[in-house]
Amino acid sequence: MVRRRPATGAAQRPQLAAVGRGLLLASVLAAAASSLPVAESSCPRDNSLVRDISRMQQSNYGREGFSHITVTGALAHGTKEVEVWLQTFGPGQRTPIHRHSCEEVFIVLKGKGTLLLGSSSLKYPGQPQEVPVFQNTTFSIPVNDPHQVW
């Protein structure tokens, strides 16, 4: 997922899901360096040029069937303009309908699901549209457009 950070720099964790099948997504959070505050973290920084994803800290944020890895990020790696996330959603998972004050771009690495997008840029503004997503596809969400993935 590619996502521009809000001006506050307080990026929310994206939530993606799949019902009846698993979904593996790569996420990227992009931001203008000028809008980011200097972040302090108790996390040890890993400034290695090459990192082994299988050794990176993984969290589920208390959600069964969900896995999140920050591949590179501001707190753990000191990046200023981009964060990259790798997330896995198990069968039966679904996000709430939500929106962000930033753009997002998703890359589906494995599995399939459905994107529900309520966008003012669609043919029928205000009418949510269901769009199938599957392995090797990408999709982007405009700023503030409500969306849900399952």
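Please read every residue number as a count from 1 along the shown chain.
Placed from the backbone N, Cα and C atoms, the Cβ positions cover glycine too.
Model, not experiment: these values are computed from the prediction.
The feature Zn(2+) binding site is assigned by Swiss-Prot to HIS98, HIS100, GLU104, HIS147, with similarity to another entry given as support.
Summarising the annotation, Swiss-Prot assigns N-linked glycosylation site to ASN136 and lists similarity to another entry as the type of evidence. Neighbour list (ASN136 (N-linked glycosylation site), Cβ cut-off 8 Å, at least 6 residues apart, same chain): VAL108, LEU109.
Under the heading signal peptide, Swiss-Prot lists 1-41, citing similarity to another entry as support.
Under the DSSP three-state reduction, HIS147 (Zn(2+) binding site) is assigned to strand. Fewest other C-beta atoms within 10 Å: among the binding-site residues HIS98, HIS100, HIS147, that description fits HIS98.
Under DSSP, ASN136 (N-linked glycosylation site) is assigned to coil, being neither helix nor strand in the three-state scheme.
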